[in-house]
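Let me begin by presenting the structure, written as structure tokens, before commenting on it.
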Amino acid sequence: MAPISHYIGKTSLTTLAIGIAIGITVSNIVKFSSTQRRHFSSSGYIPDSPHSHGENDFVEGPDDSLSWHDEHSHSHKFENDSVARQLFKKVRVLCWVMTNPNNIHTKARHVKATWGKRCNVLLFMSSRADRDLPALALNVQEGRDNLWAKTKEAFKLIHSKYLETADWFIKCDDDTFLVLENLRYFLQDKSPSEPVYYGRKFKPIVQQGYMSGGAGYVLSKESLVRLVTQGIGHKEDCRADSGGAEDVEMGRCLQSVNVQAGDSRDELGRERFHPFVPEHHLIPDILPPDMWYWSYNFYPAKQGQECCSDYAISFHYVPPNMMYVLEYLVYHLKPYGITSAYESTEEQDHGSSHKDTDAMKPEGKGMEDKEDEETNISLAQTDSKHIS
């Protein structure tokens with residue numbers, strides 16, 4: 001009969017072996033989980049509310065505005081932008097950017113240095129005038145609780161002074177990135193005399209849906225007129241005080257004056273206006289499955305390659321540095337040997353906005369057209385400089 005100590009020693013060794021095995025297993029699980037979290041982690045901000053604002057206020061950007069000076073480089077020498085210049089004249093867009101005194105130099109000026117210069121008219125709305133940007137001073141208080149008040153005052157000012165300068169009027173934040181060429185392409189077959197507005201359509205609260213404020217929303221001229229002359233100060237559904245979520249209150253007000261919340265998706269059902277940075281839409285599983293975003297989308301939200309139209313218009317929560325990254329990727333980076341053909345803007349029909357069939361290459365640049373476009377841009381910028 002073996003001594004008791006023999007069994008005790010054998011049991012201890014077995015227990016030790018099992019403990020080591022369990023420890024290794026747990027360690028591997030934790031390590032794998034950590035790796036997966038790193039893989040799906042994001043460098044960008046994920047908002048915990050559909051009405052979050054100011055999350056990039058403390059993200060530092062370049063000390064000075066950046067600009068490219070490669071107009072005469074080999075890659076741009078043979079670039080043909082006549083279609084974009086044609087649409088610049090045909091589809092006039094006024095962009096107004098919601099900002100505040102603290103963001104003028106940290107965020108707003110980087111908007112002006114990138115996509116803002118492609119607006120027919122560019123206005124920055126703040127509570128304090130700034131002649132360098134420039135920014136207009138609205139008689140409102142700052143803070144997220146006053147965004148609806150600022151929005152109402154901005155549209156009233158635009159209706160009063162800038163109604164005839166544009167056909168479409170887009171509102172966005174100072175951390176929104178817009179591709180104006182794609183916005184004009186989307187709007188070019190639509191009438192500014194129709195009561196409609198477009199953006200990223202959310203579905204709670206407002207019966208017909210409403211557009212995400214951060215992704216930007218664009219009003220036709222008729223919609224702007226109805227908003228100011230029939231809605232604000234006239235309808236119960238147009239909230240009189242400064243409270244409420246800006247985009248929700250805008251949706252309620254526009255619905256009350258029979259402005260339709262339009263569908264901005266492309267013919268494949270992919271969205272054009274995006275409430276987050278590209279990474280959050282393109283990479284699956286970055287956004288938590290229990291996040292508000294999934295239940296707020298009017299149309300089923302898609303992840304990965306099906307998330308975004310090839311002619312995407314906007315992205316939100318874009319920090320200053322990323323403004324320049326997107327500017328480079330959209331307007332400067334080119335795959336050598338690949339050229340694009342464009343569908344005739346006269347023949348495009350609604351709902352098939354980027355067919356490859358019946359495509360045509362644009363005509364070559366004309367110096368007179370180029371000078372006309374530069375004049376339009378200069379007038380818009382000059383107008384902005386003298387409004388504050």
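Glycine is treated like the rest: Cβ placed from N, Cα and C.
Features reported for this protein in Swiss-Prot:
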type	residues	note
BINDING	M98, N100, E142, G143, R144, K150, D173, H316, Y317	UDP binding site
BINDING	W292	glycoprotein binding site
COMPBIAS	347-368	compositional bias 'Basic and acidic residues'
DISULFID	C95-C119	disulfide bond
DISULFID	C238-C253	disulfide bond
DISULFID	C307-C308	disulfide bond
CARBOHYD	N80	N-linked glycosylation site
CARBOHYD	N376	N-linked glycosylation site
REGION	43-65	region 'Disordered'
REGION	344-388	region 'Disordered'
TOPO_DOM	31-388	topological domain 'Lumenal'
TRANSMEM	13-30	transmembrane segment
**OP:** Identify, in sequence order, the residues in the chain of C307 (disulfide bond) that are 6 or more apart from it along the sequence and have a CB within less than 8 Å of its CB; answer 'none' if there are none.
**Re:** R270, E271, H274, H281, L282, A301
Original post:
In the structure shown, which of the binding-site residues W292, Y317 has the fewest other Cβ atoms within 10 Å?
Top reply: W292
Original post:
Which of the three DSSP-derived classes (helix, strand, coil) applies to E142 (UDP binding site)?
Top reply: coil
**OP:** For C238 (disulfide bond), list the number of other Cβ atoms lying within 10 Å of its Cβ atom.
**Re:** 21
Original post:
How long is the line from the C-alpha of C308 (disulfide bond) to the C-alpha of Y317 (UDP binding site), rounded to the nearest angstrom?
Top reply: 16
Subject >> Minimum Cα separation from Y317 (UDP binding site), reported as the residue among recorded positions C119, C253, W292 that achieves it >> reply: W292
Subject >> Nearest-integer angstrom distance between the alpha carbons (Cα) of D173 (UDP binding site) and C95 (disulfide bond) >> reply: 10
Subject >> Which of E142, D173, all binding-site residues, has a Cβ with the fewest other Cβ atoms inside 10 Å >> reply: E142
Original post:
In angstrom units, rounded to an integer, how far apart are the Cα atoms of C119 (disulfide bond) and C253 (disulfide bond)?
Top reply: 26
**OP:** Between the Cα atoms of R144 (UDP binding site) and C253 (disulfide bond), find the distance and write it as a whole number of Å.
**Re:** 19
**OP:** Please work out the number of neighbouring Cβ atoms within 10 Å of the Cβ of C119 (disulfide bond), leaving out its own Cβ.
**Re:** 26
**OP:** Quick one: pull the CA-CA distance for the residue listed as 'glycoprotein binding site' versus C253 (disulfide bond), whole Å only.
**Re:** 23
Original post:
Counting other CB atoms within 10 A of each CB, which of the recorded positions N80, C95, R144, C253 comes out lowest?
Top reply: R144
Original post:
Where does C253 (disulfide bond) sit in the DSSP three-state scheme?
Top reply: helix
**OP:** Work through the recorded positions one by one (M98, C308) and point out the residue whose CB has the fewest other CB atoms within 10 angstroms.
**Re:** C308
